[in-house]
Amino acid sequence: MLHIFYIYSKSRKFWAILICSSISLISIALLNQFFFLLKPCILCIYQRCSLFGITIAGLIALISPKTTLLRLFSIFIWLYSAIKGLYFSNIHMQTTLHPSSSLTCDLFVSFPNWLPLNKWYPIIFDSKISNCYSYPQYLLYLEISQWMLLFFLIYLIIAIFTIISQCHNLFQKK
């Protein structure tokens with residue numbers, strides 16, 4: 001099974017599927033925001049950033065998926081983005097399903113000074129809603145934050161298998 005992950009990770013199709021899946025989720029979020037007028041909360045913005053991180057990882061690997069260093073760099077970006085997305089979706093799920101005064105969102109989106117996405121692209125990366133449990137949205141009996149938790153968990157599991165397959169192949173050659 002690890003060999004299959006290793007072989008697929010060296011193909012452009014693998015990375016194109018990763019890019020398409022993350023862009024699909026970003027598109028759904030933007031559709032909800034602009035067409036259905038559902039304003040994103042701060043945790044939604046952070047999850048959106050994690051999806052952009054996964055997309056960037058896929059784009060980097062798409063340049064040359066057979067180059068080991070580039071592929072490993074992309075997998076680590078993917079892994080980090082999936083972990084951060086899982087973290088934010090878990091917090092979002094907890095605040096949505098179990099609202100309390102101890103679980104609250106930040107008042108403002110905070111990005112590093114060297115990457116102020118909320119100032120560069122406020123229409124995508126800024127939120128006017130600081131209350132993360134004010135608008136729970138359901139799809140097929142699950143709240144959106146639960147779906148995002150599931151998606152980030154799938155991204156994380158696939159990224160872990162992919163990085164293990166890379167390490168397995170590197171050590172097997174020696």
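Each Cβ is built from the backbone N, Cα and C atoms, and glycine gets one as well.
Residues of the same chain lying 6 or more positions beyond the ends of the topological domain 'Cytoplasmic' (1-14) and with a Cβ under 8 Å from any Cβ of it are 61-62, 65-66, 71, 75, 161-162, 164-166, 168-169. Annotated topological domain 'Cytoplasmic' per Swiss-Prot: 1-14 (among others), in sequence order, evidence recorded as sequence analysis.
Using a Cβ-Cβ cut-off under 8 Å and counting only residues 6 or more beyond its ends in the same chain, the transmembrane segment (15-31) has close neighbours at 9, 40, 44, 48, 51-52, 54-55, 57-59, 61-62, 65, 74, 78, 124, 148, 151, 155. Annotated transmembrane segment per Swiss-Prot: 15-31 (among others), in sequence order.
According to Swiss-Prot, the topological domain 'Periplasmic' annotation covers 32-49 (among others), on the basis of sequence analysis.
In this view, Cys41 (disulfide bond) is surrounded by 25 other Cβ atoms within 10 Å of its Cβ, with every protein chain counted. Residues annotated as disulfide bond in Swiss-Prot, with sequence analysis given as evidence: Cys41-Cys44 (among others).
Nonlocal intrachain contacts for the transmembrane segment (50-65), taken as residues 6+ away from its ends with a CB within less than 8 angstroms of a stretch CB, comprise 9-12, 14-16, 18-19, 22-23, 25-26, 29, 71, 73-75, 77-78, 80-82, 84-85, 88, 152, 155. The annotation transmembrane segment is assigned in Swiss-Prot to 50-65 (among others) on the grounds of sequence analysis.
Counting only same-chain residues 6+ beyond the ends of the topological domain 'Cytoplasmic' (66-72), those with a CB under 8 A from a CB of the stretch are 9-10, 60, 163, 166, 170. The topological domain 'Cytoplasmic' annotation in Swiss-Prot covers 66-72 (among others), and the record cites sequence analysis as its basis.
Summarising the annotation, Swiss-Prot assigns transmembrane segment to 73-90 (among others). Proximity of distant same-chain residues to the transmembrane segment (73-90), defined by a Cβ-Cβ separation under 8 Å and at least 6 residues beyond the stretch ends, is recorded for 9, 15, 18, 43, 46-47, 49-54, 56-58, 60-61, 145, 148-149, 151-153, 155-156, 159-160, 162-163, 166.
The topological domain 'Periplasmic' annotation in Swiss-Prot covers 91-146 (among others), and the record cites sequence analysis as its basis.
Summarising the annotation, Swiss-Prot assigns disulfide bond to Cys105-Cys132 (among others).
Annotated transmembrane segment per Swiss-Prot: 147-165 (among others), in sequence order.
Swiss-Prot lists 166-174 (among others) with the feature topological domain 'Cytoplasmic'.
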Quiz item: How many neighbouring Cβ atoms, not counting its own, are there within 10 Å of the Cβ of Cys44 (disulfide bond)?
Solution: 25
Self-check item: Helix, strand and coil residues within the topological domain 'Cytoplasmic' (66-72) as assigned by DSSP
Solution: 5 helix, 0 strand, 2 coil
